[in-house]
Amino acid sequence: MRPILMKGHERPLTFLRYNRDGDLLFSCAKDHTPTLWYADNGERLGTYRGHNGAVWCCDVSRDSSRLITGSADQTAKLWDVKSGQQYFTFKFGSPARSVDFAIGDKLAVITTDPFMERTSAIHVKRISEDPEDQTADSVLVLESPEGRKRINRAVWGPLNQTIVSGGEDAVIRIWDSETGKLLKESNVEDGHKKTITSLCKAADDSHFITGSLDKTAKLWDMRTLTLIKTYISGVPVNAVSMSPLLNHVVIGGGQDASAVTTTDHRAGKFEAKFYDKILQEEIGGVKGHFGPINALAFNPDGKSFSSGGEDGYVRLHHFDSDYFNIKI
C-alpha cells in the first residue's frame with residue numbers, strides 16, 4: 001500500500017472530509033485555505049479562498065454542490081464547490097469550531113468556542129436552496145452547561161431529531177434538535193476522562209465513535225448513548241474514523257503539538273492504528289507522518305482512507321487486496 005503524498009497546505013491539517021460519492025476529498029488546515037483534491041489520484045483541484053484564520057472543520061452537501069467551513073476568523077462560510085466562490089458568511093463573535101450538514105442539507109449545525117465573555121454554543125442554521133435567500137438567523141442556539149469549555153464537535157443524530165456534541169469537558173451530550181432540550185449525557189464511569197477531540201458517525205447513523213486525549217476511543221449507540229466498545233490507543237487520540245465496509249476502526253494521534261519539538265521525530269508514535277471494531281484488538285498500523293495525526297477519513301466505499309498531520313501533509317492510502325482478508 002503506497003501512500004499518495006498530497007502537498008498543498010503549509011500549516012498543520014485540521015480536518016478531512018470525503019463527499020458522498022467518494023470521488024472528492026476536502027481538506028482543512030491552519031493556513032486559511034480549504035483545498036479540494038481528487039480522491040483517487042490525489043491531484044489538487046482547487047482551493048477556497050476567503051477565510052482569514054485557521055479553518056477547523058468542513059462539510060459537503062449530499063449532491064457535492066456546496067461546502068460549509070468553520071474558521072478561527074469567527075465565521076462559517078458557504079461555498080459553491082465547483083466554482084470556489086463563497087456565497088454566504090455566518091458571522092459569530094467567537095471562532096467556529098465544527099460544522100455539519102443535516103440529512104437533506106436544509107440545516108447545518110455550527111459550534112462556536114468560548115471567547116472573551118462568550119460561552120461555547122451550538123447554533124442551528126437554515127440553509128436555503130437558493131443562495132440569494134440565505135439568511136444568518138439561527139433556528140436554535142444551545143448553550144453548553146460547561147460554558148467556558150470548548151465544544152469540539154457536534155453532529156446530527158438519526159433523522160435530524162437530535163444533535164450529539166462532545167468537547168473539553170469530556171461529556172457527550174445528546175440534544176433534541178427541535179426544542180433544544182438536553183436529552184442524555186454520558187456518565188462518569190463510561191465516559192472519557194479528558195477532552196473529546198473527535199467524533200465520527202457510522203454510515204447508517206446507528207452508532208458513533210469518539211476520540212479523546214485520555215488515550216482511548218469509544219464506540220457509542222447513537223440513540224441510547226450506551227457505551228459499546230473501548231479502544232486503547234497508548235497515545236492521545238486526535239482523530240477517529242470507521243470503515244463503512246469492514247468492522248474496522250482507525251485511530252490517529254500523537255503527543256500534543258507543543259511537546260513535539262522536544263523529541264526525535266522517530267520517537268513519536270505517529271501512525272494510524274487499525275482496530276477490529278468488535279474484538280477491540282489492534283490489527284495493524286500505517287506509519288508515515290512526521291507529526292501527530294490530526295485528521296482521518298475513510299472513503300465511503302471503504303477501499304481507501306486518508307490522514308492529515310501536524311506536518312502539513314495529506315496522505316492518501318488505497319488498500320491492497322490482502323487488507324480485505326485480514327483475519328484475527
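Any Cβ shown, glycine's included, is placed from N, Cα and C.
What TrEMBL says about this protein:
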- 6-47: repeat 'WD' (REPEAT)
- 48-89: repeat 'WD' (REPEAT)
- 151-185: repeat 'WD' (REPEAT)
- 189-230: repeat 'WD' (REPEAT)
- 286-316: repeat 'WD' (REPEAT)
Worksheet item: Relative to the repeat 'WD' (6-47), which of 151-185, 189-230, 286-316 accounts for the most Cβ pairs at distances under 8 Å?
Response: 286-316
Worksheet item: Short question: which residues 6 or more past the ends of the repeat 'WD' (189-230) have a Cβ under 8 Å from it?
Response: 152-153, 155, 157-159, 162, 164, 166-168, 170-172, 174, 236-242, 244, 249, 251, 253, 275, 277-278, 280, 300
Fill in: Within-chain partners of the repeat 'WD' (151-185) [C-beta distance under 8 Å, separation at least 6 from its ends]
57, 97-98, 100-104, 107, 109, 111, 113, 120-122, 124, 140-142, 144-145, 191-199, 201, 205-206, 208, 210, 212, 214, 220, 222-225
